[in-house]
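K.L.:
Below you'll find the structure I mean.
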Amino acid sequence: MAIKIIGIGDDGKLSLLPMYEQWIYESDVLIGGKRHLDFFQDFQGEKVAIEGGLSSLVERLKNEEGNAVVLASGDPLFYGIGSYLSTKLDVEIYPYLSSIQLAFSRLKERWQDAYFTSVHGRSIKGLAQRIDGYKKVAILTDEQNSPTALANYLLSFGMTEYKMFVAENLGGETERCQLLSLEEAANQFFSPLNVVILKQVEESPVWPLGIEDDEFIQRKPDKGLITKKEIRTLSISALQLKRDSVVWDIGTCTGSVAIEAAKIAREGQIFAVEKNEADLENCRENLAKFRVDAHTVHGKAPEGLNEFADPDAVFIGGTAGGMETILDVCCSRLNSGGRIVLNAVTIENLAEAMKAFKERGFETAVTLAQISRSKPILHLTRFDALNPIYIITAKRGE
């Protein structure tokens, strides 16, 4: 038995080398999407349409005694079924041009410096921080996450420095390619078969680690309801975030920690919970301003944490008297190698946290941050002290 995965374009047989077409007609079983199978009405063997998950297809191919060909769009290893099937079966892969290659050729742009991602069959959540700042972004779409939906999504984060190149039905009889503003794309209908390239035509705003406090929209700036820049920077450093970290921000308030974390964990997921509805709305305004698409929940932790994916990093800015129950959930669900960072203002909260972590088998390290900022006084300068903060870092004991 031999299994060949052959890439095919929207122009069907015209996209195939003669050798590939010969293999198809000599095979016993031809497998593919209905659209691909329709190109081979005269195939004499068995035709199997791919429907639903791929696990049943793998079992079918494992038991196949004859030669089988699997048809896939473009390059089977570029967000295609080839990646999955090659880990389960002994296959040979013969790619066609990927839709992204074709789209860049139509745009007449090089593509080795582009960022590639897909929202095909996937949630669009988190896309904003993943792509923010890249000069060129290639995106595989689907009917739900269409170019129209994508344009509206990007507009909601103010990402108007991008133009959208939409390539429809590439290689087919009804091929159409357009370079549009986001506003234009947001009001158009597109063929379901399309790919999108975002091209930056103006510089994107840049926010380095340690965003100034007054950059954030604050509901009560005079009340200090924000993790101050210096404390925020130290706390995020203690979390030791990776590019794909899953992060919880408990008691998010303005969302400052969630936002800074998202700039590091761009490929990860950011979750934030806040008990005060007005503060949560304030957080959402900041998320939009700083181009962070986080999961937000209104509730008093641990309420709402069951909606979050298991974390690699947890920041706790406030517990509202529920430290024990919050730490129960955080410690039990923390992924291997993860960290919890808790900010405490009082000695009593420090003692409670240290005791709670020890009882749960966690090792702790504490930094007392006593920050003072320079402040002008007439023609001189003095220092104005911020409240001392205990930064407690906890990880599972070895």
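Every residue number used here counts from 1 along the chain in the order it is shown.
Quick reminder: no glycine exception, Cβ is built from N, Cα and C everywhere.
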K.L.:
Can you tell which of THR227, THR325 Swiss-Prot lists as binding S-adenosyl-L-methionine with GLY251, THR252, CYS253, THR254, GLY255, GLU274?
P.N.:
THR227
K.L.:
Roughly where does the region 'Cobalt-precorrin-6B C(15)-methyltransferase (decarboxylating)' (206-398) sit in mean pLDDT, to the nearest integer?
P.N.:
95
K.L.:
So which one is it: of the binding-site residues THR227, THR252, THR254, which has the fewest other Cβ atoms within 10 Å?
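P.N.:
So among THR227, THR252, THR254, the binding-site residues given, the one with the fewest Cβ atoms within 10 Å is THR254.
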K.L.:
Enumerate the residues of the same chain, THR227, GLY251, THR252, CYS253, THR254, GLY255, GLU274 excluded, that satisfy the criterion Cβ within 8 A of the mean position of the Cβ atoms of the recorded S-adenosyl-L-methionine site; list them in sequence order.
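P.N.:
So the extra residues in range turn out to be LEU225, ILE226, ASP249, SER256, VAL257, ALA258, ALA272, ASP279, CYS283, GLY317.
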K.L.:
When you tally the Cβ atoms that lie within 10 Å of each candidate's Cβ, which of the binding-site residues (GLY251, GLY255) has the highest tally?
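P.N.:
Selected residue: GLY255.
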